[in-house]
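Right, one structure below, let's go through it.
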Amino acid sequence: MPAIQRVIKPRTKRSKRALEKREPQFIENTKQCLFFHGLKTSEGIRECVKDLHALKSQASLKLQQKNKILPFEDVLPVERLAVKNDSSLFCMATHSKKRPNNIVIGRMFDHHLLDMVELGVENYAPLSEFKNAKVAAGTKPCMVFCGTEFEDVTEFKILKNLLIDFFRGVEAKEIRLQGFEHALQFTVFDGKVFLKSYRILLKKSGTRIPRVELEEIGPSMTLQMRRNRFASNDLRKRSLQQPKQQKANKVKNVRKDPFGTRLGRVHMTKQDIGKLQTRKMKGLKEITKKTKKTRGRVSGDEQMETNE
Amino acid sequence: MEESAVDKVRDILLKAQEEVKAVQVENKEIQLECDLGNLVVTDNNTLVQDTLRNSDECGEYLRSLARDSIQTLITKVWDLPTERIDNAVYVTLPKPSISIPREKKVPVEKPLTKWEQYAKDKGITKRKKEKKVWDEVLKQWVPRYGFRKVQADKEKNWVRVVPENADPYEDQYAKVAEMKKENVAKNEFQRLRNIARNSKVKLPSVGVTGNEFARPKDLLRAAQHAKHATASLGKFQPGLKGEKPSKGRGNKRKSEGSTMDIQQEKKRNIDIFDKIGKPDLNLDAAMHRQVKDDNVEHDRKKKGGKKHLRRSKMGGRHLTRSDHRSIKLGKGIHNNGPKGKGRDAGPGSKGKGKDRASLLQLASKRGATGKIIMKANKRKKFSKR
C-alpha cells in the first residue's frame, strides 16, 4: 500500500480511506471519464455527448452545468475538474461558428494533461435513431480499426491509442463468452474517421466457433480531426512505465484452505449465551407460574392416592 | 438404394463445407492483427475508395469489414483456455500487447521514519499487544487505547493523590491533561520532522519541546543557544560556576586552501562555470504556485467575490484625475515614499499622502510651532538617505 505522505492528516477514517483510494496504486482502477459541456453547445453535440456517456455508462460521470472552459487556450480548469472528480479521461462538447459541433477528447496522467484531440462531428445518427435492442451497460467492446493511416500517420496513431483508452472500459483478465456483445469500428479515410457501433450476434454455425453477424445499434458519426495537443515523448514514456512487480492490494478476511475452498471471516456482534437455544428436554424446561401450579396439583392427587 | 446413399453423403459433405465457410473469413492481403488483451483488431489493408465515397454502399461495406474482423477475433478468443465458474464459461485473456498509459505514477515505497529505520537496524520487531488489559483496581478488562478508554480512566482515577513534595494547591488533573497534550504535540512534531526529513527539507537542529520528556542534552543545547542569542553573540553573558564554555554550537566554515590537487581545482572551476547563467529555479514548485494562484483567482471570480483586495492592501487610495495628470507631466503622484506608521515612515505616510511641502504649508497655516517643521526637515534628511 502506498503511504499518504501528507502534512495535514485526514481527520476521519472515511476521509483517510477516500484519500488512499486516490493515491497511485500498483494495479489501477478503471479510468473514470468525465463528460461536460462548454459555454455554448448545439443540440446535436449535446445528444452526441449524451450517447457517448450512455455507451460508457459505468466508469463515467456527466456534469450538468455549462463550463466556461476553452481547453486549447487554458487546460488548467479541465485538470482541476479531473482532479476534483478523480477521473483521468474527459470528453467535452463545444460549438462555435468557426468550429461547429466540436468534441474534445483527452486523457490525463498524474493529474496533468497527456493527450487532447479536438474532433468535429458530422453526419451524426444518435442511439435513438436505431430502433432495436441495445447492448447491456458496461460491456467491454471489441474494437476494430480499419485504414492504413492508423499505422502510418502519427496523429492518427495517437488517436487510435486514445480511442482504445477511452472506450476499452474494465481491464479484464477473464471474460464470459456471452459477454462479447458490442463492437466499435473506427475507419480512417481521407483524414476522416467513421465511427460505427454494432451489436454482435453469435449464430450457430455447426462448428464449435459461432458465426458472427453484426447489427448496427448506433451512434454513428464521422469525425474530423481539428486541433490537438499531444504529450512530449518524455512524458509519454513516463506514463507508460509499469511497476516492476504488480502487487495486488491486500485482501482482508478472505483465505483459502488446502482444498481450495474460499473461506471468509465475518465479524458480528457479541452473542448472548443466555438466550442460546440448546437441546430441548423436559427436565430443562423453564418453570413458569402456570406449570408450577399444575405440578403442585398433580403431586397433591398422588398424595391422596397413597393415603387411600 | 446405392444412388440415394451417395446423394446423402454428398449432401452431408456439402453441408459441412457450408458450415466451415460460415466461420471462415476471406483471405486478405495483410493479415489482421489482434490484440486479445484489449479486444482490438487492426485491419491494415487498403480500403476500396469508391465504395466509401458512395454514401449508399458505404454502410454495408463498413459492416462487412467489421464482421470479418470480429469473426477473426471471436475465432481466436474461442481457442483460448476456458474455465467454468457458476455455470458460465469464462475465457482467460492474455496480456494486452497495445500499451496504454497509466492513470497515475507508479507508487513509490513509503520511506521509513527515524524509529522504523532504527528498529530495522537493531532488528527490533513489532510485538502485538493485546487490545484489553486487566485492571486490578476496576477488576475488569479495560481497553489499552481508543474507544471507552477515557471512560475507564475516569472511573479508575476518580481521585488523585497529591505527591508528598508537591505543591498542595496544584491541580493534579490539569497536570495530567497537560502531560497528555504535550505527548500528543511531541508525536505530531516527530511526524512532521519525519516528513520533512523524507522530503529533504533542511531543518534547524534546535527544537526542544520543553516538556518532561526533553533530554538533558537537548536542554543544554537550548540553553547554549539562548545564551548565544544576544547582540554580542553571548560574549558578556555571565556563566554559572564551573560551567564549561560551549563548543560545537555550529559548523565553522572552513576556508579552502588556495592550492590543491589539479583535478580538484579543475572540478571546482568547472562547477562554478556550470552554475553561471543558469537560473536557480525549482520548476515544479513554480508551476504548482502558478496553478494555485490561478485556482484562487478563478474561484474568486466564480464566486462573484471581490475582484480587488482592500484599498489599503492594494497600496492606498485610487488615483484621481489630477494624479494622472501629474504623472503625465512627470511630477509624480502624492504618496510615493516608503509606507508605514512608525518612526521610519517616509514623507508620504502620514496625513494621507501629503508630501513634505504640503506638510510645511499646513504647519505655517495653522501657526504651529517649529517642531513640525523640524520634523519635516528630519524627514527630508531621511528621504535623502
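Here, residue 1 is simply the first one shown, and the rest follow in order.
Note: Cβ is positioned from N, Cα and C throughout, glycine not excepted.
Nobody curates TrEMBL annotations by hand; they come from automatic prediction.
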Stated TrEMBL location of coiled coil, expressed as one of B:6-33, B:62-89: B:6-33
Secondary structure composition of the compositional bias 'Basic and acidic residues' (B:289-299) [DSSP: H/G/I, E/B, coil]: 11 helix, 0 strand, 0 coil
Predicted model, mean pLDDT over the coiled coil (B:6-33): 80
